[in-house]
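According to Swiss-Prot, the protein has these features:
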- 1-39: region 'Disordered' (REGION)
- 1: N-acetylmethionine (MOD_RES)
- 26-38: compositional bias 'Low complexity' (COMPBIAS)
- 185, 187, 253, 284: Zn(2+) 1 binding site (BINDING)
- 189, 190, 284, 343: Zn(2+) 2 binding site (BINDING)
- 256, 348: deoxycholate binding site (BINDING)
C-alpha cells in the first residue's frame, strides 16, 4: 500500500431483548445519513452471580482507562529505555526475500481466484490469515475483518517505523464484500489509517465498523459513517443479521497514538456469537483473569484467534503481550475448541527470533496435553474451514 499520513486529530438459538440506543451528543441522527453512535444492548440473560463477577471497564482519577487486574503493571519511560538500549534484539529477520519466502511463504488467498466462493452459510466457519492480527472470518452468513493492516509500516508515517517483512497476501480491492470490521485498540499495527481509508472508500456506509469506547470521533474524521462504539460487555449486530451478536469483551493492554493521548481510548477483545458458530478475537493482550470470565459467559467457542508473538523480554512485555504459553492458558480459559495463532511473523515488534513463536507454541501445547490441531498455525493467506456440526477441519 502506498504512503498514508495520519493527522491524529482527526450453539442454541437465542432470544434477544429489544435494542436500546444511546447516541453521543455529536452523533448525527440516523435520518441524516450517518449511523455512527454509542450503542448498547444488554447481553444474554445470566444468573446473578455471574453478572456481578464480570469486570467492567474503569477509569483512573485523570479520566483515562486503566487495567483493573493485579496482572497489570504500568509501562514507564525508564523501562522503555532499558528495553530499547540494554536488551539485545534476537529477531534475526533475514534481508533475503528468497529465505523469507522459504520460511514464511505468502499464499494467494482462495477468494482472489474464486471470489464467488466467499461466504459460509449455516453451520461452518472459515478463517483466512492475512498477516499480523488481520483475519478474514466467514461465519453465519457474514464476512468480517479483524484489525485490518495492509500498509507497509505500523507507524504514523510510511517513511519510518516498524516495517512488515511479509507482504499482505492480497490487496483491499481483492477482498470479497466485507460486512463488518472489528477493531481491538488504536495502536498503529492494529488500527491502520491507510487501511481504514481504503476500506471506507471501497465499501462506504455499507461497511459496519465495531470500535472501542473513545474511538468514534477518530473514525468519523476518517470519513467512516457506519461506526458503532462499545464499552466492555456491550453488544451490537450488523443490520439484516441480528442473529449474530458482536460483543466487545475485555483484554489487558493499553492505547496510544499521539504524545499525550495515553489510554483515552479503551482496548479489548471481541466475542462473535451466532446461531451456528462462535468466534473470539483477542486482539493484543497480556494474560489476565478476563478470559476465564469470557469463557464462562460465552464459551465454548468454536474458534479463537490468540496472539503468540512480540513477547520478549518477558520482564517488560508480559503485561501487554502474551507469550505462547500464555496463549495456551488463554485458549483453555476461553473454553475454545480450536485456536488460530495471530500477531507473529509479519512485524518485528519485540526481541524474540522471528520464527520462535510457533516453536514455543508447540512446546507449550505439549506441556498442557494439547495438539497442534487444537491451536494451529496458518501460513500468510492460508484458510481453514471448521464444520461447526462435526468439528472437522479442512485446509484450503
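Each residue, glycine too, has its Cβ placed from N, Cα and C.
Overlay of Swiss-Prot feature records on the structure.
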residue: 185; record: Zn(2+) 1 binding site; CB count, 10 Å: 26
residue: 187; record: Zn(2+) 1 binding site; CB count, 10 Å: 22
residue: 189; record: Zn(2+) 2 binding site; CB count, 10 Å: 24
residue: 190; record: Zn(2+) 2 binding site; CB count, 10 Å: 23
residue: 253; record: Zn(2+) 1 binding site; CB count, 10 Å: 25
residue: 256; record: deoxycholate binding site; CB count, 10 Å: 16
residue: 284; record: Zn(2+) 1 binding site; CB count, 10 Å: 28
residue: 343; record: Zn(2+) 2 binding site; CB count, 10 Å: 29
residue: 348; record: deoxycholate binding site; CB count, 10 Å: 20
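Within 10 Å of residue 256 (deoxycholate binding site), counting CA to CA, the binding-site residues 189, 190, 284, 343 contribute nothing. Proximity to residue 284 (Zn(2+) 1 binding site), judged by a C-alpha distance within 10 Å, picks out 190, 343 from the binding-site residues 190, 343, 348. For the pair residue 190 (Zn(2+) 2 binding site) and residue 348 (deoxycholate binding site), the Cα-Cα distance reads 14 Å. The CA atom of residue 185 (Zn(2+) 1 binding site) is located 19 Å away from the CA atom of residue 348 (deoxycholate binding site). Here the C-alpha separation of residue 189 (Zn(2+) 2 binding site) and residue 348 (deoxycholate binding site) works out to 11 Å.
Within 8 Å of the centroid defined by the CB atoms of 185, 187, 253, 284, the record's Zn(2+) 1 site, lie the Cβ atoms of 184, 186, 190, 251, 254, 255, 267, 283, 285, 320, excluding the listed residues themselves.
For the recorded site, residue 348 (deoxycholate binding site), the DSSP three-state label reads coil.
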